[in-house]
Amino acid sequence: MRGSRVVTSEELAAAAGVSPAQLRKDLSFLGSYGRRGVGYDVAHLERQLGEVLGVQTRRAVVIVGIGYLGHALASYGGFAERGFEVAALVDADPQVVGTTVAGLVVEPADAIGRVVGRTSASVGVIAVPAPHAQPVCDALVGAGVTALLTFAPRALHVPEHVTVRQVDVASELQILAFHDARRRAR
Ligand SMILES: NC(=O)c1ccc[n+]([C@@H]2O[C@H](COP(=O)([O-])OP(=O)(O)OC[C@H]3O[C@@H](n4cnc5c(N)ncnc54)[C@H](O)[C@@H]3O)[C@@H](O)[C@H]2O)c1
């Protein structure tokens with residue numbers, strides 16, 4: 001697909017791991033219809049998906065909490081190709097502040113307002129211990145962040161205009177264990 005001008009639903013379906021019929025149906029919901037016998041125009045499809053997913057514009061991301069998880073996230077190279085730029089890193093530990101991680105100097109927690117203002121970040125990633133997650137969330141929201149991804153195992157309270165997604169790997173493992181146990185019991 002990379003470098004191609006057109007792509008068939010069969011090729012896209014194979015890449016996505018779904019059936020061609022399902023893929024055509026899903027894309028049709030987004031208003032994308034391929035040409036019979038030709039396929040989908042790649043550039044057009046990319047634009048259309050970008051519009052629907054709201055990822056056309058590059059978004060700056062601030063990661064708060066540069067411990068094990070924050071380090072791994074900051075060093076992950078895969079966000080840029082999805083339109084997210086890790087623009088700043090923040091931590092409360094004086095031993096961590098001032099160190100360089102993935103090419104960025106870690107900034108102090110009391111600078112969240114300035115950091116968000118400088119980077120125009122609309123996305124905040126929270127990777128601090130659970131008891132600190134709400135104050136960090138409040139600081140990010142107060143600074144203008146409207147989308148939050150939190151790894152802390154704690155429900156966050158946010159105003160209506162803010163979207164929160166919580167990643168809970170432990171829950172995913174529990175779900176996996178549940179399905180595995182059921183399958184073994186059969
Ligand atoms: N969802 C998951 O599957 C999953 C997996 C691993 C960890 N976690 C969670 O992610 C979070 C981070 O985990 P970790 O292993 O990286 O922890 P860690 O202790 O290695 O790192 C936490 C970092 O947050 C910083 N911090 C603490 N309070 C802060 C504040 N108010 N402002 C800014 N920085 C602050 C600390 O200085 C530290 O560097 C924890 O809440 C943990 O429970 C979730």
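First residue shown is number 1, and so on along the chain.
Note: Cβ is positioned from N, Cα and C throughout, glycine not excepted.
Mapped onto three states, the DSSP output places G65 (NAD(+) binding site) in coil. Residue environment of G65 (NAD(+) binding site) contains 27 other Cβ atoms, counted within 10 Å of its Cβ in all protein chains. If you look up TrEMBL, you'll see G65, I66, G67, Y68, L69, G70 marked as NAD(+) binding site.
What TrEMBL records for 55-155 is domain 'CoA-binding'.
Of all Cβ atoms in the shown protein chains, 9 besides its own fall within 10 Å of the Cβ of Y68 (NAD(+) binding site). The highest number of surrounding Cβ atoms within 10 Å, among the binding-site residues G67, G70, is found at G70. Ranking the binding-site residues I66, L69 by other CB atoms within 10 A of the CB puts L69 at the bottom.
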